[in-house]
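Lifted from TrEMBL, the feature list:
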type: ACT_SITE; residues: ASP332; note: active site, proton acceptor
type: BINDING; residues: LYS25, SER26, ARG30, SER179, SER180, GLN181, SER209, ASP332, LYS359; note: 3-phosphoshikimate binding site
type: BINDING; residues: LYS25, GLY101, ARG129, GLN181, ARG363, ARG408, LYS435; note: phosphoenolpyruvate binding site
type: BINDING; residues: GLY462, PRO463, THR464, ALA465, SER466, GLY467, LYS468, GLY469, THR470; note: ATP binding site
type: DOMAIN; residues: 14-444; note: domain 'Enolpyruvate transferase'
type: DOMAIN; residues: 458-665; note: domain 'Cytidylate kinase'
Amino acid sequence: MDYPAFLDIPALQGVAGRVRLPGSKSISNRVLLLAALSEGSTEIRGLLHSDDTRVMLDALRRLGCTVQTPDADRLCLGGLGASPPPPHTGAPVKLFLGNAGTAMRPLAAALALRGGHYELSGVARMHERPIGDLVQALQQLGCAIEYLGTPGFPPLRIRQDAAAPLALDRAIRVRGDVSSQFLTALLMALPQRAQQRELSIEVVGELISKPYIDITLALLERFGIALRRDGYRRFTILAGSRYHSPGVLQVEADASSASYFIAAGAIAASDTGQKGLKIEGVGLTSIQGDIRFIDAARAMGAKITGDAHSLQVRRGRWPLKAISLDCNHIPDAAMTLAAMALYAEGTTELTNIASWRVKETDRIAAMAAELGRLGAHCEAGEDYLRITPPGDAAHWRAASIRTYDDHRMAMCLSLAAFNPAGLPLRILEPGCVAKTFPGYFDALLGVAQTAAERIPVICIDGPTASGKGTLAAAVAARLGYHLLDSGALYRLTALSAAQHGVGPQAANEAVLAELAASLPVRFDATRVWLAGQDVSEAIRTEQIGMQASQVSQLPLVRSALVALQHGFRRLPGLVADGRDMGTVIFPQAPLKIYLTASAQCRAERRHKQLISKGISTTIADLRADLEARDARDMQRQSAPLKPAEDALLLDSSELTIDETVDRVLGWWQARQPFAH
Ligand SMILES: Nc1ncnc2c1ncn2[C@@H]1O[C@H](COP(=O)(O)OP(=O)(O)OP(=O)(O)O)[C@@H](O)[C@H]1O
Ligand SMILES: Nc1ccn([C@@H]2O[C@H](COP(=O)(O)O)[C@@H](O)[C@H]2O)c(=O)n1
């Protein structure tokens, strides 16, 4: 999925419908590693496809695991099981783990205990995320693991002789108060060495994020590992433990990702008669700790019901109620409470969140800064955050939100688009959501509702071959907006008419209008389908272009296509190219461009375009054709081609494509309210 450099979200009003969430990141990466350590193959269903699971999968492939994907929902991973580790004397196996803590920590432990020669590295931020307590615990055992950069942080080198004895007769001590991932890493790695004896881990300090340990324990059990435990202080892996693939394993949808939609359901009004939002793939009995977010959301006012596999959310108390909460049990989802606090009466206090400081970014500082940008007042401490929302609608600001390469910052702050002031919101670098939820914005905007007038439209009208389509597509891509190529609809009508043996002349107006009104058309990112047939090329011929120009003269045909064109106005916005976008179809559009170029220039461009497709023609013929088409478009009675009164004129004769794009984006930016 290509994300733009920023995404502007218009003010949102409601949510309704259903949303299907991607698989849990925590479960996905644990299951991948456990399957890799098992004998035989594991079929994993519902695996999350994101940056973090991709780096884990790449690493497992490099380690020798086989990976097959029979379809989009299933992945079969062949485990390493009893196969011998690579020699510690050979060249290192280099593993790049991006910014995935759920890959770096468990792999470091698993490979140190497996033996071999490895180098584990990640992005710059990963090299700032602590791993010293885990490394120390492994060094206590006698594992040969060292830092390749700053002590206490990745990158790491592991050079471990698999045959060398390890100090496994006493309990391994590991700190639990910095990251629970250190304990998870040891719990998943140690069963490799538990065939002959039982192995114990002792947690030093108060364990944080206990629910993540519960996920680890539940999954260890699924893979055949038996444990004895004393609360969260001591864990003993029983002698004879060995990883067995469970065969098939279904990954639950991500409970942390659910938190954004739970919050949206609690914040956004839904139309009378609608039941709010249904969240599918994760339910009330989830094994993920972040499911307890629903208790906090309920305390703030959300109405949440559900079953084992889904949740139903709607707004209850309004405004929301401010809460004071120890968030140790929901460290990731708690960030969403900070966004909900924007809509609460009073000050919300989130405590015991020190772990936020060592995540993808310093989340306490980042959250305080960005909520402040929206008009909230925040007080940030070492391990707490207090949020007082903007006093009233007048105190909200149209903000340009920094996301710090942190997916959760982007997703949480997107909820500010429901602000009562009706202000749009800009999210910078929205692509960071790919870490756990690549389709997040499509999912949110797919269930969000707002008045059509709030959805911005940029109209680009002009004569044939002036570059409208090229410009419109580039502007839409840069803004993350939808695209309407209205000429394609007239071309489709002409093609459909030809297929039905109906000529494009006025005598057939009623039949042509009927065909236009019921075009069985489907657009995807790059192709156009008519009655299930890919007609992307068929509608682009000069002959169909000429017939399109003829059918477009007919008022009944034009009216028949209006509703279809309005249907393209979807969140977050639209760039529409044609002849009457600014004058007839979207007369209230906030930006209208009338794009021209000299007839000679347009004929030359079209000539070049056709030659590149292997179609031979002359510039003179093309010029005559396009002038005839322009004359017909400009002189027709119904919706003639002309600049809208408030259109900006752009002559591209002397401009490159990039220059026209920059010019339009410059005009667009100048009209946006975002403070920098
Ligand atoms: N500023 C420009 N400089 C040079 N070539 C350009 C420029 N803008 C567009 N072109 C080229 O001109 C050709 C026609 O552009 P395009 O198809 O976008 O025009 P159009 O106005 O959408 O045409 P139509 O009216 O047939 O839909 C394309 O090959 C495109 O790459
Ligand atoms: N809004 C529009 C768009 C197009 N037309 C007519 O359709 C013909 C084909 O359009 P292309 O942009 O794909 O070349 C064009 O010649 C116009 O006559 C229209 O009327 N209104």
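Just so you know, glycine gets a Cβ as well, placed from its N, Cα and C.
The Cβ of ASP332 (active site, proton acceptor) has SER256, SER259, ASP290, ARG408 as same-chain neighbours under 8 Å, each 6 or more residues away in sequence. A sphere of 10 angstroms centred on the C-beta of GLY462 (ATP binding site) encloses 27 other C-beta atoms. Overall, the recorded 3-phosphoshikimate-binding residues LYS25, SER26, ARG30, SER179, SER180, GLN181, SER209, ASP332, LYS359 cover a maximum inter-Cα distance of 18 Å. Comparing CA positions across the binding-site residues LYS25, GLY101, SER180, LYS435, the one lying closest to GLY462 (ATP binding site) turns out to be LYS435. Closeness to ligand 1 is met by SER466, LYS468, these being the binding-site residues among ARG129, SER466, LYS468 whose Cβ falls under 6 Å from the molecule. On the 0 to 100 pLDDT scale, the model's mean across the domain 'Cytidylate kinase' (458-665) is 96.
Report note: the ATP site is defined by GLY462, PRO463, THR464, ALA465, SER466, GLY467, LYS468, GLY469, THR470, and the residues of the same chain whose CB lies within 8 Å of the CB centroid of those residues, excluding them, are LEU471, ASP577, LEU595, ALA597, ARG602. Within 10 Å of the Cβ of ARG129 (phosphoenolpyruvate binding site) there are 20 other Cβ atoms, across all protein chains.
Restricting the binding-site residues GLY101, LYS435, LYS468 to those with a CA within 10 Å of the CA of LYS25 (3-phosphoshikimate binding site) leaves LYS435, listed by sequence position. Restricting the binding-site residues GLY101, GLN181, ARG363, LYS435, THR464, SER466 to those with a CA within 10 Å of the CA of SER209 (3-phosphoshikimate binding site) leaves GLN181, listed by sequence position. In this structure the alpha carbons, written CA, of LYS435 (phosphoenolpyruvate binding site) and LYS468 (ATP binding site) are 35 Å apart.
Residue environment of GLN181 (phosphoenolpyruvate binding site) contains 24 other Cβ atoms, counted within 10 Å of its Cβ in all protein chains. It is 53 Å from the Cα atom of THR464 (ATP binding site) to that of GLY101 (phosphoenolpyruvate binding site). Using Cα positions, the member of the binding-site residues GLY101, ARG129, SER466 nearest to SER180 (3-phosphoshikimate binding site) is identified as GLY101. With respect to their backbone Cα atoms, GLY101 (phosphoenolpyruvate binding site) and THR470 (ATP binding site) stand 42 Å from each other.
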